[in-house]
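**Student:** Provided herewith is a single structure, encoded as structure tokens, for subsequent inquiry.
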Amino acid sequence: MSSQVDTEKLVGMLSAGIQTMGLMVTQEQQQKLVAYVALMHKWNKAYNLTSVRDPEQMVVKHLLDSLSVMPHITAHNVIDVGTGPGLPGMPLAIVLPETRFTLLDSLGKRVRFMKQCVHELKLDNVECVHDRVEAHTENAPYDIVLSRAFASLKDMLHWCEHLVDSNGKYLALKGQFPQSEIDEVSNHFSVESVLTLEVPDLVGERHLVTIHKA
């Protein structure tokens, strides 16, 4: 596969998806989102950042999927745990420049990639941290702990309990309705809602679980 991406085509796909989702994203932000996909595509061969190899699929599975959470980010200080190459935190940081995002991952090569993205995309609201989530205490408490494809709800809450106080919340992106995981959540926490997310052209279900400390 060519290392080049068809930027114009990707912007068109992204713009159509954003319009379908009813989101407000500027042209400049859309260009940055596609530039992020181009960087991921470029670095993926050496760094194995994602199993998604096709840039068009990255628009759907990475950009639009991440942006589906945008209306639910209503706070100023967010940490994305187990972010991998920056998902969903990097796309959200691009479209929410007034919100501070800490992107945390335990794998150094992913953090190096994210730092390069922050530099090239000129993002001043993102901090990339190489650490294990259970060991990370800097800047806590956060308003929101965000996770996507990170761990079961039970494990996520156990590892991230110290990252929010009673005013904070956890947002977990899941596929199918995670009833068995919800049943395992300890009584120290309260599941506030489970919302179905609509992501254009994405095969499969998406749900957003919101949890508070009880």
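Quick reminder: no glycine exception, Cβ is built from N, Cα and C everywhere.
Keep in mind that what you see is a predicted model, and the values were worked out from it rather than measured.
For reference, TrEMBL lists these features for the protein:
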| type | residues | note |
| --- | --- | --- |
| BINDING | Gly82, Leu87, Val133, Glu134, Arg148 | S-adenosyl-L-methionine binding site |
**Student:** Which secondary structure state does DSSP assign to Arg148 (S-adenosyl-L-methionine binding site), in the simple three-class scheme?
**Tutor:** strand
**Student:** With every protein chain in view, what's the tally of Cβ atoms within 10 Å of the Cβ of Arg148 (S-adenosyl-L-methionine binding site), excluding that atom itself?
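**Tutor:** There are 22 of them.
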**Student:** At 10 angstroms around each C-beta, which of the binding-site residues Leu87, Val133 has the fewest other C-beta atoms nearby?
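**Tutor:** The binding-site residues Leu87, Val133 were compared, and Val133 has the fewest Cβ atoms within 10 Å.
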**Student:** Under 8 Å Cβ-Cβ from Glu134 (S-adenosyl-L-methionine binding site), six or more apart in the same chain: what's there?
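**Tutor:** In sequence order, Trp159 meet the Cβ cut-off.
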**Student:** Helix, strand or coil by DSSP: which one applies to Gly82 (S-adenosyl-L-methionine binding site)?
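**Tutor:** Assignment for Gly82 (S-adenosyl-L-methionine binding site) reads coil.
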**Student:** Neighbour count, 10 Å Cβ-Cβ cut-off, for Gly82 (S-adenosyl-L-methionine binding site): what number do you get?
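**Tutor:** So the Cβ neighbour count for Gly82 (S-adenosyl-L-methionine binding site) comes to 22.
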